[in-house]
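Lifted from Swiss-Prot, the feature list:
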- His64, His93: heme b binding site (BINDING)
- 3-147: domain 'Globin' (DOMAIN)
- Ser14: phosphoserine (MOD_RES)
- Ser51: phosphoserine (MOD_RES)
Amino acid sequence: MVHFTADEKVAITSLWSKMNVEEAGGEALGRLLVVYPWTQRFFDNFGNLSSPSAILGNPKVKAHGKKVLTSFGDAIKNMDNLKTTFAKLSELHCDKLHVDPENFRLLGNVMVIILATHFGKEFTPEVQAAWQKLVSAVAIALGHKYH
């Protein structure tokens, strides 16, 4: 279990409260699909993923990205109990979707890039460290069923 300090929790929640989940979610998932094209195989029903502009403009990518980031909001509400929070999603991604758990780590890293892009100077090294800790812990929780 990962322990978050009070300062880390403040760093995470203060930025999250300013986050446009719909915009950032679509951007994060879209960037994942562009930068790591092998991840596209999990989204074969999303239609045109043939180019970066097609991916970033794809309404299904945007909608699923919003869903992903919305569930990430659950992590922020339950930072002290991530394994339980993501137990069902871990099971779904492992047993039914067969997603390589490494992809969770990649998505977390993309999220950190999105945060840095959106928040600029507000995304200090301390804030980045807190977020990196969170996205790593979420990736571990999502990969839990694989072990």
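Glycine residues also receive a Cβ, built from the backbone N, Cα and C atoms like all the rest.
Locations of recorded Swiss-Prot features on the structure.
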residue: Ser14; record: phosphoserine; DSSP (3 states): helix
residue: Ser51; record: phosphoserine; DSSP (3 states): coil
residue: His64; record: heme b binding site; DSSP (3 states): helix
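Cβ crowding, taken as the number of other Cβ atoms within 10 Å, peaks at His64 among the recorded positions Ser14, Ser51, His64. Here the C-alpha separation of His64 (heme b binding site) and Ser51 (phosphoserine) works out to 18 Å. Of the recorded residues, Ser14 (phosphoserine) and Ser51 (phosphoserine) place their C-alpha atoms 34 Å from one another.
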